[in-house]
Amino acid sequence: MTECIFCAIATGDAPATTIRKDDRTMAFLDANPLAPGHTLVIPTTHAERLEDLDPETAHAIMDRLRELAPAIEAAVDADATTIGFNNGRAAGQEVPHVHGHIIPRFDGDGGGPIHAVLPRGPDRDAGDPEAIARAITDHLQD
Ligand code: 5GP
Ligand code: ZN
């Protein structure tokens, strides 16, 4: 059996409550759901971070997230979904195989927005935005 639990789920060597599977992607229920219907969408072949995906698989994952979000909301009568990736260990990624979370959200569920991911809130000392934008574009390929 492979050491990556999500690779094992993708090959059927480990169990999961599967919602959808195709050549590039698989969606299954999270084993520790934050809400009923909390779903993970993964590439069927191993990639650790979002930037490691080939473009076709990245597109397929986005398509799957788009398709599933309203179906999940309807299935569990949710009002919204929070959709996100922990991309790297420092961001909280525990399973080093790309996975997008679809977390059903309910009016008054007590949860926060993505801005609540850092407890101190918006960083008023986040540097010069123009310099940061330039530094980012310098790292982009054409
Ligand atoms: P992360 O913190 O890496 O973004 O999220 C990993 C998610 O995978 C967690 O929500 C965790 O509950 C879920 N998870 C970890 N192992 C398994 C597993 O073996 N099966 C399923 N279905 N979910 C898992
Ligand atoms: Zn893997």
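Glycine too: its Cβ is placed from the backbone N, Cα and C atoms.
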42-46, 52-56, 97-101, 137-141 - the one TrEMBL records as motif 'Histidine triad motif': 97-101
Whole-number mean pLDDT, the motif 'Histidine triad motif' (97-101), equals 98
The motif 'Histidine triad motif' (97-101): which same-chain residues, six or more beyond its ends, come within Cβ distance under 8 Å? 4-7, 30, 38-43, 46-50, 52-53, 61, 65, 82-86
Within 10 angstroms of the C-beta of His99 (active site, tele-AMP-histidine intermediate), what count of other C-beta atoms is obtained when all protein chains are considered? 21
